[in-house]
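> Grabbed the feature section from TrEMBL, which reads as follows:
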TRANSMEM  34-51  transmembrane segment
TRANSMEM  58-77  transmembrane segment
TRANSMEM  83-105  transmembrane segment
TRANSMEM  117-137  transmembrane segment
DOMAIN    159-752  domain 'Pyrrolo-quinoline quinone repeat'
Amino acid sequence: MHRFPSLLAALALTIISLTLIVFGAQLAWLKGSPYYLLSGLSLAVCAWLFGKRDRRGYWLYLFTVLATIVWAFWEIGADKWGLMARLLAPLVLLVILTLLAIWLPPASSERGRIAKWHLVSFAVIQVAALAASWWALSDRFSPSGPATTSVASADVRDWPSYGGDWQSDRYSPLDQITPDNAGLVETAWSVRLGGLDDLGNNSRFTATPIAIDDTLYLCDPLNRLIALDATTGSEKWRHDPKVDSTKAFSIVCRGVSYHQSERAGECAARILEGTLDARLIAVDAATGRPCSRFGTSGAVNLVEGVAREFDGYYYVTSPPAIIDDIAVVGGYVIDNQRLDPARSVIRGYDAVTGELRWTWDAGRADSSLHGQLFSSGNPNAWAVFSADPERDLVFIPTGNSSPDFFGGLRSQAADRYGTSIVALESHSGKVVWSFQAVHHDLWDYDMPAQPALIDFPVDGKMVPAVAAATKTGQIFVLDRQTGKPLAPVEERPVPASGIAGERASPTQPYSVGMPSFHAKPVNEKSLWGATPIDQMLCRLRFRQLKYDGDFTPPSTDPFLMSPGTFGAINWGGVSVDRSRGLMIVNNSDMPFVGQLVPRDRADALGARPFDARTMSRSQTVGKTMPPPMAMAGTPFGLYLKPFLSPIYFPCTAPPWGRISAIDLATRELAWTRPFGTSRGLDPFGIDLPMGLFNLGGSVSTAGGVTFIGAATDGYMRAFDTATGQELWRADLPAGGQASPVTYAGRDGRQMVAIVAGGHGSLRTKRGDHVVAFALPKATIRENGR
């Protein structure tokens, strides 16, 4: 019985030491840290001594831990998450070995009994210290609030468009919920829409509703339109356009648009939506019935000019931008499957009749259709547009032409307008100006977010501006009329490409006049792991990757891109508190690993482009190597995946997500904090404020509160806009990778609603929920009473 604990310790230490020696030697050979090799050798001696039931094995391990502590502080300083990766597992093992050492050897003398009790006391102290450290790291807050508040009394009570109003800055003048009472917010209603159970991981329910006249309008991933009572959540109507989702590469609908026109007659107020089968449809806002005079029986075919037939490569996921009576529509073109999969074009339709008013074909001076296909190789535009009716401008965030990671065959139009903000005349589609955020984009850094139209202070004056948040973590602030930067932009040299036929840009723009949310440069010391072993394996993998800093070009050797394709900022964009002059930004840090695969090898590995007619795509050849993405028509296929440890933790150190506020007057950070807890990662659901990957936007209010879901830990949160303090959180029934909206219900309460449907790619909990939050009815009193 006395021998079993020592043998158990010896076995565990042998396994750990062999792992550290084998991989630590490889890491040291690649000029990485020698710590893991040295630690492994020390633990091998410990294992041998424990096997002999020699207590010196315990003292050697204690010395190793003390040396590890010194090394950890030398390497990473006082960074708590960096220290956690290096020290937590060795300290837990120290507690275990301390308890096991009590049996080494049996106390046969007074000195032995004293030593045993010293070990017991030491073990108690270690457990208490670990518990205290865990408590200090854990996430805690105490919401509170007053007993009563006034009814919502703002002049603007609705949320009439995707971004709130025409300024698209996700701001509401409602002020019933404040930092003083946000802790009292509760669920007002929660409904399930149904019919989403059979969708796979290529689907995501991330729609942003709109709220008009006490009705909430939204779409589900299958483009079914639903109208809910905004105060109670009860369903008013639904319309199913019967899309064939089996032909869609990605199943998503980001939102809908509302339009009211006096010349429409029937269907005067209508809801417009783009669909997965490339239609623009319009239904009556009151009944959900198709607007019969719009297009053909309420729908316009968007395939015309884009492809010979619908093949699943082009469809619409974002709501059209409505300006006057024009509905401006872009489209999503599937990336990295083949060269020129579909023709991308921006089109303006009569929002009443569905008649095509204009087109912007980036590759053709004359953008008229003439019964032919539009130009090949145009950049796509899948994100949500913004429109300025006063200046007759619509702002288009563009992406790449396919494929993303090889640009040697791109058109001049793709190089000129790709990954840009393009301002078009809304009545004609003519280009007024364009600003490029990434030159010759080789990293899938599409412009993902709806541009926010803000008033920006310059030399004591407020200048109408466009704020463009990018995947690279830059915030570009541009003059709305001219496109010239209002905050300084600097061109900086970046690494050159070594791929034959590629023409990577020698410089890239940096918005040096605004705070950057770009990921910090990656180095070996910045890498992380839940344990020293997976941290070591992340270090080893990093040493095997090509990484030259920002904009490391794709190569046939595995390369690291930071940020990854999800970007630092994605389609959630920013919100702006107009009354306080603060811009709220939530960002993530998730590098990706890529590799270009020569064409013959890619084909041999089973690379095949997506085919909607047969629903086929790249297939695994053999049992070991997954197929690369096809990029058919180019010299390469592509491997691409997140930079994760063998146990699927990020290899880079926390925080992996942050939320921050920029003071627009000073152009400096007002505050920043980690956003999200470890509940979204570890199997025990423990809330450590590590900051998590997040996808979705925020809404800021005149009451001084910012609401946001987005993080993969499944919470809806409220923050004090001025200070960043977390005021409130609530569990969502499914992943909240969506943007909330706020409006006033007819019961006088300010409502905050969000879709909770999960995100297939992020593996968050799936659902079909819409949830609204508000202050308790008992706390609401009439103004002046």
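Residue 1 is the first one shown; counting continues down the chain.
Backbone N, Cα and C define each Cβ position, glycine as well.
Quantities reported herein were computed from a predicted structural model and do not represent experimental measurements.
Locate each feature and note its surroundings.
Within the chain carrying the transmembrane segment (34-51), a Cβ under 8 angstroms from the stretch's Cβ atoms is held by residues 6-7, 9-11, 13-14, 16-25, 27-28, 57-58, 60-61, 63-64, 68, 71, 100, 104, 532, 536, 539, all 6 or more beyond its ends.
Mean pLDDT for the domain 'Pyrrolo-quinoline quinone repeat' (159-752) in this predicted model: 92.
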> Residues sitting near the transmembrane segment (58-77): Cβ under 8 Å, six or more positions beyond its termini, same chain?
13, 33, 35, 39, 42-43, 45-46, 49-50, 83, 86-87, 90-91, 93-94, 97-98, 100-101, 104, 525
